[in-house]
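Feature annotation from Swiss-Prot assigns domain 'FAD-binding PCMH-type' to 38-204. According to Swiss-Prot, the feature active site maps to 182, 310. Under the heading compositional bias 'Basic and acidic residues', Swiss-Prot lists 212-229. If you look up Swiss-Prot, you'll see 212-232 marked as region 'Disordered'. Summarising the annotation, Swiss-Prot assigns active site, proton donor to 233 and lists sequence analysis as the type of evidence.
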């Protein structure tokens with residue numbers, strides 16, 4: 001575990017941010033920025049609004065030897081109870097916008113909220129992105145994990161990704177990026193910052209699009225814990241198949257292992273959908289981590305299958 005940032009280090013760092021007119025906030029409880037509603041107080045959140053500010057803040061991080069992590073919508077994330085040994089970077093301003101470029105092409109900022117953004121784009125009469133209207137979080141995070149459901153993935157639609165890597169700007173086509181099921185190369189490159197994407201959609205029938213939006217919304221609502229604080233599916237489906245060719249789902253393995261409804265502290269493996277862990281109101285990151293380890297061990301004991309996490313950890317979680 002890294003040491004807590006010193007007061008003098010933070011003071012000089014914040015003074016430089018003020019001089020550079022880069023927006024920031026101090027002493028922010030990160031739990032309020034996550035769908036899990038779990039996470040302790042971070043000393044500083046820096047919120048750059050334009051690309052030049054992102055480049056500048058990376059230089060400032062390096063100058064003051066400040067460890068940092070980037071936070072998006074916080075929907076597929078378990079945040080540390082003590083995120084006090086790093087600074088959080090969270091895009092704002094123009095990164096929250098999307099614009100039509102014409103002929104079904106859209107430029108979408110990394111800090112746009114996926115659910116309303118892709119619903120609005122679909123309701124303009126373009127089809128292919130309806131499934132993304134059911135996925136919470138921000139577009140940047142959806143890119144990093146190649147978010148998908150109902151047979152669709154974000155990279156099916158992407159024309160290009162704009163990102164910073166080691167302070168240098170890149171625009172890459174999907175063919176130039178490693179990606180797969182709930183995976184992209186950005187997952188393993190913590191020095192990369194997604195700034196935005198361009199996608200290409202086809203024109204469609206608005207009535208059929210509205211019907212598709214409703215169908216996917218209803219399916220999502222019926223298959224997930226209702227009005228519960230969670231981070232979505234905890235484990236990836238293992239890509240293991242039965243003799244009849246049907247894929248074995250992660251939730252089935254949890255259920256067969258008798259894990260449905262298990263509780264640790266304020267966290268519970270959902271009785272409604274056991275590939276979800278829910279915050280009953282007082283859960284800590286440690287509570288959730290305990291249940292994750294329990295699932296991995298128990299499922300391996302009962303099935304011989306090793307499950308991999310879909311949610312990401314943010315900070316040190318014992």
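The backbone N, Cα and C atoms fix where each Cβ goes, and this holds for glycine too.
Predicted, not measured: the structure shown is a model, and the values here were computed from it.
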Report summary line: When pLDDT is averaged across the domain 'FAD-binding PCMH-type' (38-204), the result is 95
Query raised in the report: Given residue 310 (active site) and residue 233 (active site, proton donor), what distance in Å do their CA atoms have, once rounded to a whole number?
Result: 7
Report summary line: Counting across all protein chains, other CB atoms within 10 angstroms of the CB of residue 233 (active site, proton donor) number 21
**Report entry** Helix, strand and coil counts within the region 'Disordered' (212-232) (DSSP)
**Finding:** 12 helix, 2 strand, 7 coil
Requested in this report: Could you measure between residue 233 (active site, proton donor) and residue 182 (active site) for me? Cα positions, answer in whole angstrom.
Outcome: 11
Report summary line: Counting across all protein chains, other CB atoms within 10 angstroms of the CB of residue 182 (active site) number 18
